[in-house]
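**Q** Shown below is the structure under consideration.
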Amino acid sequence: MPRPNFMAVTEFTFEGFSIFEWHHRLILFVIFLVLYVLTLASNAIILIVIRLNHQLHTPMYFFLSVLSISETYYTVAINPQMLSGLLSPQQTISIPGCAAQLFFYLTFGVNKCFLLTAMGYDHYVAICNPLQYSVIMGKKACIQLVSGSWNIGLSTAIIQVSSVFSLPFCDANLISHFFCDIRPIMKLACADTTIKEFITLLISLCVLVLPMVLIFISYVLIVTTILKIASAEGRRKAFATCASHLTVVIVHYGRTSFIYLKPKSQNSLQDRLISVTYTVITPLLNPVVYSLRNKEVKDALLRALGRKPLS
């Protein structure tokens, strides 16, 4: 008996924001393009400032520079496709191209989750064990933490992409999204996806809940230690050290958890609009938060511009 032809679909079409009128899409294009350029520029500035200022050659800023690199590639993997789709609705992408986009999206997205965890551990050691900080957070330890984050990101992406694209796609090829994400792609499969969805949920729990728990434990210990500091000024400085990281953590995990840990939604437009926050807005938020809330970064930036650092 001949096998059914499961290779009927050779490319996917993005629904994107085609539901909006042309003039609305044009406004969105301009807004998202500005945010995209600002994201690339601000992350590049963070990297340059850290590279040129030897006072910032510490573990905390090493992690921040790696985070900026990850955010840049993460943005490049998604935003150009979205911007192009705003100008030309019903844009197509080949199945290998879709698999590649999903691979890079997952690699850098998961990498970010564990980088934030490593940064939380760095803050914990700095505040709770300051006398041993230089020993614990040596160059080798920092490289191992970053390498571990990248390896987890790559492994997760390989597993997920292999799982999703082993499914047969027969007739439906319209992705109800503006980029290749797991759930919208699995909806198009002409086979039972129960096991694949369970794998996705299990991985989501591992890469979202586990880092959140580790960061939460770190901050419980950090806050406990800070409250034991005698001087109000000392407590203020300690809290200020963690404020930027904590802001980024809350925003990142709050939005991604809402998308990937909630039950399947029938409102694909709502999911797309929420996805905009972590593919367009959050990558810009990180360098802005670290620049505005971190005195060392602000002073280094002012020195690079030839201006006097803040007193």
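Numbering starts at 1 and runs along the chain as displayed.
Yeah, the Cβs are placed from backbone N, Cα and C, and that goes for glycine too.
Not measured: the values here are computed from a predicted model.
Marked as disulfide bond by Swiss-Prot: CYS98-CYS180. Look at Swiss-Prot and you will find 1-29, 79-98, 171-202, 255-272 tagged as topological domain 'Extracellular'. The feature topological domain 'Cytoplasmic' is assigned by Swiss-Prot to 51-57, 120-149, 224-237, 293-311. The transmembrane segment feature in Swiss-Prot is assigned to 30-50, 58-78, 99-119, 150-170, 203-223, 238-254, 273-292; the stated evidence is sequence analysis.
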**Q** From the DSSP assignment alone, can you count helix, strand and coil residues within the topological domain 'Extracellular' (171-202)?
**A** 14 helix, 2 strand, 16 coil
**Q** Taking the Cβ of CYS180 (disulfide bond) as the centre, count every other Cβ atom within 10 Å, in any protein chain shown.
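**A** The Cβ of CYS180 (disulfide bond) has 27 Cβ neighbours within 10 Å.
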**Q** Please list residues from the chain of CYS98 (disulfide bond) whose Cβ is under 8 angstroms from its Cβ, counting only those at least six apart in sequence.
**A** PHE12, ILE175, CYS180, ILE185
**Q** So if I exclude everything within five residues of the ends of the topological domain 'Cytoplasmic' (51-57), which remaining residues of that chain have a CB under 8 angstroms from its CBs? That is, six or more out.
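**A** Contacts with the topological domain 'Cytoplasmic' (51-57): 65, 296-297, 300, 303-304.
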**Q** Would you kindly list the residues that approach the topological domain 'Extracellular' (79-98) from elsewhere in its chain, counting only those six or more residues past its ends and only Cβ-Cβ distances under 8 Å?
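**A** Tertiary neighbours of the topological domain 'Extracellular' (79-98) are 9-18, 25-26, 28-29, 32-33, 36, 39, 165, 169, 175, 178-180, 185, 279-280.
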**Q** Please work out the helix, strand and coil residue numbers for the topological domain 'Cytoplasmic' (224-237) from the DSSP assignment.
**A** 10 helix, 0 strand, 4 coil
**Q** Count the residues of the topological domain 'Cytoplasmic' (120-149) that DSSP assigns to helix (H, G, I), to strand (E, B) and to coil, and report the three numbers in that order.
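**A** Helix, strand, coil within the topological domain 'Cytoplasmic' (120-149): 27 helix, 0 strand, 3 coil.
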